[in-house]
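Working notes for the structure below.
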Amino acid sequence: GTMGPAPAGKQPSGAAREPEVIEPALEDSGKEKKKVSLKKRARAESPAESLLQPVKLSREELYKEPTNEELNRLRETEILFHSSLLRLQVEELLKEVRLSEKKKDRIDTFLREVNQRIKRVPPTPETVLTDQSWLPAGVQVPLHQVPYTVKGSFRFLPPSQVTIIGSYLLGTCIRPDINVDVALTMPREIFQDKDGLNQRYFRKRALYLAHLAHFLAKDPLFGSVRFSYTNGCHLKPLLLLRPCGKDEHLVTVRLHPCPPLDYFRPCRLLPTKNNVRSAWYRGQSLPEGEPPTPHYNTWLLQDSALESHVQMLSTGLGSAQGLKDGVALLKVWLRQRELDKGLGGFNGFLISMLVTFLVSTRKIHTTMSGYQVLRSVLQFLGEAARLGKVSLNSDWLLCTPQPALADFHQVFPVVFLDSSGLLNLCADVTASTYHQVQHEAQLSMALLDSKADDAFQLLLMTPKPMIRAFDHVVHLHPLSRLQAACHRLKLWAELQDSGGDYVSAALGPLTTLLEQGLRSRLHLLAHSRPPVPEWDINQDPPKHKDSGTLTLGLLLRPEGLTSVLELGPEADQPEAADFRQFWGSRSELRRFQDGAIREAVVWEAASMSQKRLIPHQVVTHLLALHADIPESCVHYVGGFLGALIQSPKETSSTGEEALAKAVHCYDDLSRLLWRLEGLPLTVSAVQGTHPVLRYTEVFPPVPVRPAYSFYSHLQERASLLPRPDKPCPAYVEPITMVCHLEGSGQWPQDAEAVRRVRAAFQLRLAEVLAQQHKLQCRATATHTDVLKDGFVFRVRVAYQKEPQILREVRSPEGMISLRDTPASLHLERDTKLLPLLTSALHGLQQQHPAFSGVARLAKRWVRAQLLGEGFTDESLDLVSAALFLHPEPFTPPSSPQVGFLRFLSLVSTFDWKNNPLIVNLNGELTAEEQVEIRSGFLAARTRLPVMVILTPQDRKSSVWTQDGPSAQILQQLVILAAEALPILEKQLMDPRGPGDIRTVFRPPLDMYDVLIRLTPRHIPRHRQAVDPPAASFCRGLLSEPGPSSLMPVVGYDPPQLYLAQLREAFGDLALFFYDQYGGDVIGVLWKPTSFQPQPFKASCTKGHMVVSQGGELVMVPNVEAILEDFAVLGEGLVQAVEARSEKWTV
């Protein structure tokens, strides 16, 4: 049997059966043939009938078998493409990345010219290899010749053969960067015996290119002639030729010199053999014998196999368009994941070889379409992970004497042999890269099987840069430190093998070391591959350290992440010594509760945010201990954004502890309410509604203890009042909650009466709490404020039938009809939907500890942009929740940093106009229900708000965005997020440190017409500003919180009160923007309509002046007077009103 890509869950036959069904059906008797075809035809008929008029066909034609291709296409759309949309998208993408015929013709012309030029390069006389004086000025040898002295001689002769190799020939190259690889076979006369030794072959190859470069650079045909490295390998430079003029971006031709056929003896190049002698490379021979040089040998073999690989690929992929499409799709998939570039990347050549291999082992059939090929390869890569085997080994080995597979596994982490059985195609691929490919393949298969609408978009069109894919990243910089690491790790043999490339020599050992140290905290550790450089032919080739920075990506495992203990073996076990050796001085003996004495490492971390950064301690400790890399070279990027959600006095915590404390106090109070006696009706439920209670309040409240002298007192109500002569007191946010009372026949059936009964309950609640629990309370008709342990809770009594009563509308004839009214909707939202949402998000926080940090950073940013008024707290929390519930193509964030980057990405790329953001809380919605929601959305689009967020409890109306944002404000948010994301990602990817992390949080003020500056004395939350002030005013709190018998000033925020007045007075003329977290500026935008002259009416001249225009009296806004009113209204709070007069004229 063959393994096809088993389609999602339901039909295990289908694609997997394919080769078996079609082939026997063609060989067997006619009877069986009919059976297969009739079944298929029954499916095929209906759409065709409706479209086509019947055509008279002869009997033979009528009963002709459907062709393989027809059958395939039909079965495939049905089984594999869960929608015809996906098929269209795939075809569209392939059209997009394929080369047009016109371009191919222009490229072919260029290639013919290149071929002629190369043949005309003149030969040179023979000289010894170390005499390079014949090289003309203006060209440098593109290779580091260390050590310089080497035997042998060199002369240049034009290539004996020029062959096009690679994807251009196969028709699988993809735009935008079109490369054509050309192999130049160097004539036999250039070589001597033993050129495989001590880099002689590589020296000749480099001189060959240098001479070519000098001649081709003089030719006007070329716009540029530069050197680069083959896949980033420093021993194998190549020459890049680009056309001149308007075609300069058309194509890059890459010249690869290669040895004549069968020049190297394969037995000399086995992975166990040595071809770089220690006496030559290190200046002394080793008593223990020569170390093998497997990578060096592989690079020689690669050059020898260039042409045989092309032949193999062209027979393997041949004329099967589906296979070529599959390769093109896989290349796009790899490129979006940054897996294809650099030394040891999973490049297009590897993936093409893998497809050919899967065809030869019958895992892929040549009749498959591109999409099926993509699925089969992803499935193969994902499953290889479950088998825990890294050998993609070939059943296609045809030659007789094969070296033992074990020899390859001994020296290479990933083994995929070509058909000769001698060359490991994955020689440079590290285990980390391979695990990353597997991880991505598994994620992609799960995504395709989920039949999501946007699977294609997420799979092939969404880039996954490292900083957005991994929770934390670590930059090792400068790279020259890795030289010392190689010595510390005793990697001399590896350096000898790689020609001194200390970056790639150290990579494997370093990732293994860190994986071992982080094991329980880590899902995946990936590393960047140094970018492949290009340089001018008159420059020296770049050094290893010039490739910048080595970046490691950590995908964290939230359950193990925050443990402060690494538990080692018991003291008397033999493994204890290994544990001590691994952890060094950090390991110490400890006695545990069960009496055991064990080795253990304990990390210092008090708060949640410090625990999340324990990997930082692990990484710096292990790198310093085992690799001699000091802390100054390890730049750990994971906690920089924490500063924006730290409360002013806290530097060690990002507020998780304060939130937990408030939630704990709320739990106590809700228990008291449950057990209250002395209320006429019992409490049937207590539910939280405040963001604190779902862990998303940006700055969690802290227990307050007012200093009485700072306030004036209201004796009869045991309350404090602000004093006009003092700065504004600390802001105390009441934590809202709903207390449901049981239903009973005694509730009245009239809305006004219910409201009165409720008010009576609010008063009674305050009395009972004060009597039974000595709590300080203050009741109003709509809520009761309760002071408990320094927190103020605002308890609202609710009766579950009240929304129902508010729906009743009486007609003049006395008929009662039920209809949603603004009041009933509002009440239902606050007493039913909001508690449900709060508890669902509270549950999400228990599953995903990073949710709190992400939601708080997101809200901090939106409000810092002065757009907080447009978005309800709940709508922003839901957008953050979507990142955890629908993370594809990523995994759910495990750090606030990566979650915030994805928030910016989601806001700026989501198509708000044509799609609802469905947030599937608790996974309650099935795929079918989601389809239903989408079609409901499209039908009702014009009646829905600009931004639509739907949940299982709210499937149609998007309650949390009913009152905003407006289209302009959403558009502004999208633009700001799109600008902020690249800036912040660039900062975090900068190995020298991010610089000023607050940059993207500062709002752009140049768009406003007027700025109203406020005085910090009356901004109670001044210390929460994006740029916190060095000093602020005393806000009347004692530093030691303790019991307080007086109710503090609750919810008093002068800037908010001032804003409310401004909006009431001038809301028809202007929009006002403010950052409620300590902002000291209000931005004002004039409404464009307000400056159109209005006809004169004596009744409404407020803020207007009368002017005569064309003989008529009209009113226009009196800007001078309005600005004066701004200042008068905010007397004592407003510092200055700045008009940017050039932006508006009257």
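Using the three backbone atoms N, Cα and C, a Cβ is placed for every residue, glycine included.
The annotation compositional bias 'Basic residues' is assigned in TrEMBL to 32-42. The domain 'Nrap protein' feature in TrEMBL is assigned to 180-314, 323-462, 468-627, 644-846, 848-1003, 1005-1136. The region 'Disordered' annotation in TrEMBL covers 1-50.
Across the residues of the domain 'Nrap protein' (644-846), the predicted structure has a mean pLDDT of 88. Among the recorded stretches 180-314, 323-462, 644-846, 848-1003, 1005-1136, the one sharing the largest number of Cβ pairs closer than 8 Å with the domain 'Nrap protein' (468-627) is 180-314.
Assigned with DSSP, the residues of the domain 'Nrap protein' (180-314) fall into helix, strand and coil as follows: 53 helix, 33 strand, 49 coil. Fewer than three CB pairs closer than 8 A are found between the domain 'Nrap protein' (323-462) and the domain 'Nrap protein' (1005-1136), and contact between the two stretches is not assigned (pairs 6 or more residues apart).
Break the domain 'Nrap protein' (1005-1136) down by DSSP state and the numbers are 37 helix, 34 strand, 61 coil.
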